[in-house]
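*Asks:* One structure follows; several queries about it will come next.
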């Protein structure tokens with residue numbers, strides 16, 4: 001360090017006092033420094049001297065300390081060089097310094113050379129070791145350091161040449177591993193949304209063990225029925241729970257499915273049937289499976305329903321099982337689960353898994369259930385039910401089924417242990433008239449909570465009904481022609497008309513899903529045969545009946561074509577529902593955000 005030039009003015013009394021104090025401090029510090037290692041000299045000065053005299057020390061004292069420290073260091077280095085010790089203990093010496101020493105150098109020359117070398121080294125070290133001493137010198141008016149030098153971080157100690165270069169490599173490797181893990185986590189978080197929005201494949205749906213919620217949409221129920229192997233049944237939505245709406249349904253009606261928001265506090269406490277009901281009934285043992293449970297509870301009890309091979313085998317294998325085990329078999333059956341999840345999306349899967357995980361966590365925190373109390377009397381149950389308050393819980397929607405079987409009408413709720421008998425079938429009376437008051441009572445009970453309802457009916461498919469009507473009408477017309485083939489008057493009248501359906505033309509039959517064998521096997525009513533056999537059944541009466549049957553056949557053809565159009569519309573809705581447009585919408589919104597369009601939209605909306 002360069003010394004500051006002295007001024008011409010003499011020192012004052014305060015300056016002399018400060019000078020004396022500083023001289024004593026310099027001597028004391030110099031003695032202590034000589035006992036320390038060379039690489040710790042500057043740090044010791046900064047930590048023990050600079051802080052003590054920070055407010056009083058002058059730049060001249062700093063110069064004196066630096067000069068004496070330089071002398072001490074030079075003497076120490078000269079002694080080490082003279083005794084052939086390794087010069088690697090110094091910070092800035094090079095390994096070949098001893099080799100470059102002149103062979104005829106005297107101790108005095110060696111000391112002078114070492115002093116000059118040390119001064120250069122100290123001058124290089126001081127900017128790197130900016131401590132409190134340098135800050136004090138700057139405050140006292142010394143020359144300001146350059147910004148580049150001031151920003152260098154102070155190393156804790158100088159590394160000697162004997163220390164290996166690879167000392168910090170393990171820490172660097174650990175840091176790199178942490179950085180790599182952080183980078184992978186960042187990449188995962190960035191791609192997590194994209195992975196969530198990816199559309200599902202058929203294999204993804206089949207491999208998923210969960211059950212998704214099913215919307216109360218007739219088209220969706222029809223697809224589930226079709227994929228379960230029940231082609232002759234169609235779901236139809238009722239807009240009112242009135243008898244006129246039920247009478248309008250295609251007969252026969254195999255069952256009704258009522259959708260409502262489940263509320264345990266509103267459930268009545270009527271006792272279930274003590275005896276085993278003579279019907280097929282399964283409990284709901286899996287979350288979100290109530291739609292499929294309701295469907296199966298109906299079709300398994302429909303004698304006229306045509307079941308596929310897999311569903312027939314399932315019915316036979318579960319015939320002797322208890323209701324909970326039947327529900328468990330439904331939940332573990334991949335064929336039924338895949339049909340149920342026909343419209344699931346990846347977001348639906350994640351939502352269902354999250355809900356199940358939350359329920360499992362909540363169940364672990366629940367205390368053990370208390371021992372069941374004895375059953376109450378009916379009057380006491382009614383008083384208790386009237387005192388129940390609505391809990392602050394948002395329950396999901398639930399499907400229950402109503403089905404005629406075994407001479408009774410049953411309410412099949414998968415959440416109850418057994419079926420409930422709600423009435424006895426009456427001959428020549430529509431069974432829906434027994435189920436309707438029960439459904440209306442539930443709607444009135446839940447109406448106070450402003451919950452939504454939905455009512456679906458599982459009926460014979462209109463395509464099947466109209467196809468059978470066409471086949472039956474054409475078969476009766478052919479029967480009349482066969483019986484009156486020898487009546488020339490009838491033959492002349494009928495031959496003048498165009499045929500309603502050419503049974504010899506496979507193309508015409510295929511339009512209505514028929515074959516010639518279907519016409520031949522079609523049932524001709526006995527009343528029709530008896531009427532033709534009457535003695536007064538002449539050509540005019542035969543032609544009149546023939547025309548009536550032709551009108552029926554044409555009407556059935558028109559309704560069949562309309563039903564085909566309705567099925568095509570349902571297929572369009574189903575295909576649109578099966579397509580997941582979420583990734584495209586997300587990409588579109590992302591591009592709009594990158595272009596700044598969304599900001600303009602937000603500003604405009606305000």
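Using N, Cα and C of the backbone, Cβ positions are placed for all residues, glycine too.
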*Asks:* Which is it, of 341-365, 366-390, 391-415, that TrEMBL names as region 'Disordered'?
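*Replies:* It is 366-390 that TrEMBL annotates as region 'Disordered'.
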*Asks:* Just how many other Cβ atoms lie inside 10 Å of the Cβ on residue 284 (site 'Transition state stabilizer')?
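*Replies:* I get 26 for this one.
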*Asks:* Can you tell me how many other Cβ atoms are located within 10 Å of the Cβ belonging to residue 290 (active site, nucleophile)?
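*Replies:* There are 25 of them.
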*Asks:* Cα distance, residue 290 (active site, nucleophile) to residue 398 (active site, proton donor), nearest Å?
*Replies:* 6
*Asks:* What whole-number Å value do you get for the CA-CA distance of residue 290 (active site, nucleophile) and residue 284 (site 'Transition state stabilizer')?
*Replies:* 6
*Asks:* For the domain 'UCH catalytic' (210-460), would you mind checking the mean pLDDT of the predicted model?
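*Replies:* Within the domain 'UCH catalytic' (210-460), the model's average pLDDT equals 83.
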*Asks:* Through the lens of DSSP with three states only, how would you label residue 290 (active site, nucleophile)?
*Replies:* helix
*Asks:* With every protein chain in view, what's the tally of Cβ atoms within 10 Å of the Cβ of residue 413 (site 'Important for enzyme activity'), excluding that atom itself?
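*Replies:* Total other Cβ atoms inside 10 Å, all chains included: 26.
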*Asks:* Please report how many Å separate the Cα atom of residue 284 (site 'Transition state stabilizer') from that of residue 413 (site 'Important for enzyme activity'), as a whole number.
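*Replies:* One finds 8 Å between the Cα atoms of these residues.
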*Asks:* With every protein chain in view, what's the tally of Cβ atoms within 10 Å of the Cβ of residue 398 (active site, proton donor), excluding that atom itself?
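*Replies:* I get 18 for this one.
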